[in-house]
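As structure tokens, the structure follows; a few thoughts come after it.
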Amino acid sequence: MAVRIGNIDLGEFPLLLAPMEDVSDPPFRFVCKQNGVDLMYTEFISSEGLIRDAAKSRQKLDIFEYERPIGIQIFGSDIDTMREATQIASQAGPDLIDINYGCPVKNVACRGAGASLLQDIDKMTAMTKAVVEATHLPVTVKTRLGWDDNTKNIYEVAERLQDVGIQALSIHGRTRSQMYKGQADWRLIREVRRNPRIRIPIFGNGDVDSVEKAAAWRMEYEVDGIMIGRASIGYPWIFREIKHFFQTGEYLPGPTIAERVSVCRTHFEKSIQWKGEKTGVFEMRRHYANYFKGIPHFKEYRTRLVSLTDVAEIHAVLDEIGEQFAMEEVA
Ligand SMILES: Cc1cc2nc3c(=O)[nH]c(=O)nc-3n(C[C@H](O)[C@H](O)[C@H](O)COP(=O)(O)O)c2cc1C
């Protein structure tokens, strides 16, 4: 059965690209979309930044028609600020607004925001209600199991947020205290899903990094869809591989070197188009190693890729990688 968020039809068992700061920007989203992802989100955007009209926050509102359906994710600690930020974000024309109640970091931006709200469910509920009332768009939430081992309150959180009108919930199977350590535990996600009061889609998130795991956890934890973050960095093919398996029961072979080069190049070109040459070149540096993970002797190429500043020279190195390794692939 198709999964719906408001009027948005996500098809059967959708795959979602997790919001990731400094990663899930338009260039990265482009290559994920090419690989069949069903729903994407922007990086999280500070509500304070938005109402102050900070350039960095504004730029993150950029979305493109081909990205639909797409959600803009916002976070904040103050309810009035969140209300105002919701209105600004809605004007950017996304398909939905997502609230971040999962950020575990204690820096200035996240103080009192993100996962902190898991310590104050009354405030979290009031904030969510304010956001729902401030926009004509569906509102979704992304959060964690709870604050720490003693307060895994996601069951209650899910009910209360549904009651104030959220239309889907993505749950990262860790607590705030766990940060990114240990393993994600999806058992409570299943409990939320099994709660007879819950009518909204529940998406499972945390540690899905293979077709096998996606297939096993879909069955075991009964979620309505899966959200994938880290495993897609440098490997957007994970979406098409999982989708293919679900559609046919067969495993798709991994990308060839030529495909890796081609998608990495597309990502690079989109980065330059969207960010300008200097920032595009610079920010692409964090992605090269991921695109070519597992390829022996890649280090020397990586060293060159991350030190070059000239666009044509970077393209030439990508050409070289294609030629060099394609020969080895055949041999
Ligand atoms: C680099 C990075 C940036 C992230 N930024 C965000 C963010 O902006 N908003 C958010 O809700 N979660 C953020 N997360 C958390 C991810 O969305 C996701 O919940 C987490 O990585 C677990 O999923 P995974 O195991 O599939 O990566 C970030 C994670 C990483 C690794």
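For all residues, glycine too, the Cβ spot is worked out from N, Cα and C.
Keep in mind that TrEMBL annotations are predicted by a computer and have not been checked by a curator.
TrEMBL lists Gln73, Lys142, Gly229, Arg230 as FMN-binding residues, and of the candidates His172, His244, His267 the one it assigns to that same site is His172. Of all Cβ atoms in the protein chains displayed, 16 besides its own lie within 10 Å of the Cβ of Arg230 (FMN binding site). Max Cα-Cα distance over the annotated FMN binders (Gln73, Lys142, His172, Gly229, Arg230) is 17 Å.
According to DSSP, Arg230 (FMN binding site) sits within a helical segment. Long-range Cβ contacts of Gln73 (FMN binding site) within its own chain (separation 6+, distance under 8 Å): Pro19, Tyr41, Thr42, Glu43, Phe44, Ile45, Ile97, Asp98, Ile99, Asn100, Lys142. Regional average pLDDT for the domain 'DUS-like FMN-binding' (16-319) in the model is 96. Within the same chain, residues at least six positions away from Cys103 (active site, proton donor) with a Cβ under 8 Å of its Cβ are Phe44, Phe75, Cys110, Ala113, Gly114, Ala115. In the three-state DSSP assignment, the secondary structure recorded for Cys103 (active site, proton donor) is coil.
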